[in-house]
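Below is one structure; the comments refer to it alone.
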Amino acid sequence: METTLAKTPEKRQVVFLAILLLLWEAGSEAIRYSIPEETESGYLVAHLAKDLGFRVGELATRRARIHHRGNKELLQLDVETGNLLLKEKPDREALCGATEPCVLHFQIILENPVQFFQTELQLTDINDHSPEFPDTEMLLKIQESTQPATVFLLKAAQDSDIGSNAVQNYTVSPNLHFHVVTLSRSDGRKYPELVLDRALDREEQPELTLILTALDGGAPPKSGTTTVRIEVVDINDNAPEFVQSLYSVEVPENSPLDALVVTVSARDLDAGIHGNVAYSLFQGGGGPQPFVIDEITGEIRLKGALDFEATSYYTMEIVATDSGGLSGKCTVAIQVLDVNDNAPKLTISSLTSSIPENAPEAVVAVFSVSDPDSGDNGRMVCSIQNELPFLLKPTFENYYTLAAEGPLDREIREEYNITIIVSDLGTPRLTTQHTITVQVVDINDNAPAFTQTSYTMFVHENNNPALHIGTISATDSDSGSNAHITYSLLPPHDLQLSLASLVSINADNGQLFALRAMDYEALQAFEFHVVARDGGSPALSSQALVRVVVLDDNDNAPFILYPMQNASAPCTELLPRAAEPGYLVTKVVAVDSDSGQNAWLSFQLLKATEPGLFSVWAHNGEVRTTRLLSERDVPKHRLLLLVKDNGEPPRSASVTLHVLLVDGFSQPYLPLPEVQHDSSQDEDMLTLYLVIALASVSSLFLLSVLLFVGVRLCRRVREASLGACSVPEGHFSGHLVDVSGMGTLSQSYQYEVCLSGDSGTTDFKFLNHYSQ
């Protein structure tokens, strides 16, 4: 049915109402925003919801959308906050070229109910382009007879910027013969002319080189330079003159390449080689043009395709130069004629591929039609099939809404293929078709169901970040978007658990990933809930419990608590030479932060100064002697012990133990727990020890008395003769017996030795302490 050709009175009323709506919309002022070009993406252009008079969130409720004219989508609308943001960095020169002002039109489309707002974005120019000359060098041939104040045409620099940021001034390097003046064309573009100040003398200087500089009006200004090379030639006193100063021509946009556009003609009154004229296109600041000129005949032909929709009018200057360097110019104005070479374009702004069967007059699509041609070539009509229960409703400015006539019945038909036909009124007519498939679906009455009520997943500590540890799966009995399930994590009940830093879930397939390496020593397990939510409206959801168990890895080496390793003061253990086999020298104490078999420690003696003298118990770290010490054993021993855990692979730590053999060191002897003592043998040994102790005490007492008397006598003799007793000097070995008879103890201490006859042990006990 064609909406523009309605015949019945009812359709006339619809058309009349549509025209009123179009007039109302056209009369409403568009909201205009302005930003500088090259503004970074993400820039906040405006709070659109506030400017349109809506509350925050109302744009999302009404399913607001933004539609751009053209292919560039520079803006994006955050419907939740109502903010209008830049989607990408805009380039004014790429979007508008030399057009000023640069205004981009777009529409804000709201559904439920449908409403349109005309909005414009103006891009202001910034000085982001430097002037550029078309050539790095310009050659001028000037006769030596040229009079001062003669003007020579120079090629203008091109600057993509506009306004004050475009080229504003030209300067030339200091010289004695020329200065440059800056002039304006009818379109406002600046161009330079070189003015002769002082007559040239070819015999004095046959060639000059000048630097021409173009400056724009930016702050700070940008510049571009080119070299002007001047050849001084013999006299040529007539410049070429064109038959017409202005050539106007019309060219259809579908003209083939190399088609003749126009022929220009110039003549030179000079004779000989000075009368030969060469034609060339004078490149101004407007950029390259799709034309080429024959330098001999003056024929201007088409070298590139024309497009009325892109550029409808060209203006260029033709320069005729004789062999003496004199030149003349004319202007060629070319009007491009439009032909019907563009089919209508249909742009879908909003599309709903499925409609609930209970939705009355549901909107299926909002679209716009456009045709860049002009006149009847750009006028369009739009229609759909007659037998379908859908209507096309024109809104404004070539916008249409495709909606259902009333509630649909899924049981009668669950799918519709709607073909939208758009035709222009040109000759011949060009047509565009677009087919939309609409599904009629049930309402959302089934919540997602997990395959398990709870999930347990295991991950080894020290895992790689982004490791896939498992998959959560749910199904939904609905169809279409109602069955599209998205997964998300619920905040944990334990506020101390930073779940967002531990795991993440793929919203589409439920795959769980560990975001960082787990540490069993810090966290052994944690729980959280996963939500599966379908895409219905309103959405239905369900939850499942997930428990992640961290498995311990052997990532901690044993740590030795004792003996402490200190390079400045190494640990030294004292061992009496009279120690029996199995004597406890020391005990190595170590811990492991891991758990299970990764924390089971074993001890091993790797290296010793005297192999076979010491041994270490593998499970408790006790270092004991394995035999009796002899006089041949060195006094200092160095033991290297290894502490190893039971992990895979095992980790270990080593400790160095220094053992010093000493004489007369009294320390309780700790027997091996395995040794079984014979009670009768202990009683015999006890009696023997008692006898030896009494004899030793008596001998020491007698020796002490004798020494005391000898010392007293020596003092008396010394006092009588010299008044002093000389003491021999020299080093006494530390292992020699003390001649005072006091042993290794100081003279100020004595100990009472007691043997218990009924204790059943041979250990000595130190009971009383006496001071002399």
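Backbone N, Cα and C atoms are what each Cβ position is placed from, and that goes for glycine too.
According to Swiss-Prot:
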DOMAIN    31-133  domain 'Cadherin 1'
DOMAIN    134-242  domain 'Cadherin 2'
DOMAIN    243-346  domain 'Cadherin 3'
DOMAIN    347-450  domain 'Cadherin 4'
DOMAIN    451-560  domain 'Cadherin 5'
DOMAIN    575-675  domain 'Cadherin 6'
CARBOHYD  Asn169  N-linked glycosylation site
CARBOHYD  Ser223  O-linked glycosylation site
CARBOHYD  Thr225  O-linked glycosylation site
CARBOHYD  Asn417  N-linked glycosylation site
CARBOHYD  Asn566  N-linked glycosylation site
SIGNAL    1-28  signal peptide
TOPO_DOM  712-772  topological domain 'Cytoplasmic'
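Between the domain 'Cadherin 6' (575-675) and the listed ranges 31-133, 243-346, 451-560, the one holding the most Cβ pairs under 8 Å is 451-560.
If you measure from the Cα atom of Asn169 (N-linked glycosylation site) to that of Ser223 (O-linked glycosylation site), you get 10 Å.
When each of the glycosylation sites Asn169, Ser223, Thr225, Asn417 is scored by how many other Cβ atoms sit within 10 Å of its Cβ, Asn417 comes out lowest.
Counting only the Cα atoms, the space from Thr225 (O-linked glycosylation site) to Asn417 (N-linked glycosylation site) is about 63 angstrom. For the pair Ser223 (O-linked glycosylation site) and Asn417 (N-linked glycosylation site), the C-alpha distance works out to 60 angstrom. For the domain 'Cadherin 4' (347-450), DSSP puts the residue distribution at 4 helix, 54 strand, 46 coil. Across the domain 'Cadherin 5' (451-560), DSSP assigns 7 helix, 47 strand, 56 coil. Look at the domain 'Cadherin 3' (243-346): DSSP puts its residues at 4 helix, 49 strand, 51 coil. Look at the domain 'Cadherin 1' (31-133): DSSP puts its residues at 14 helix, 42 strand, 47 coil.
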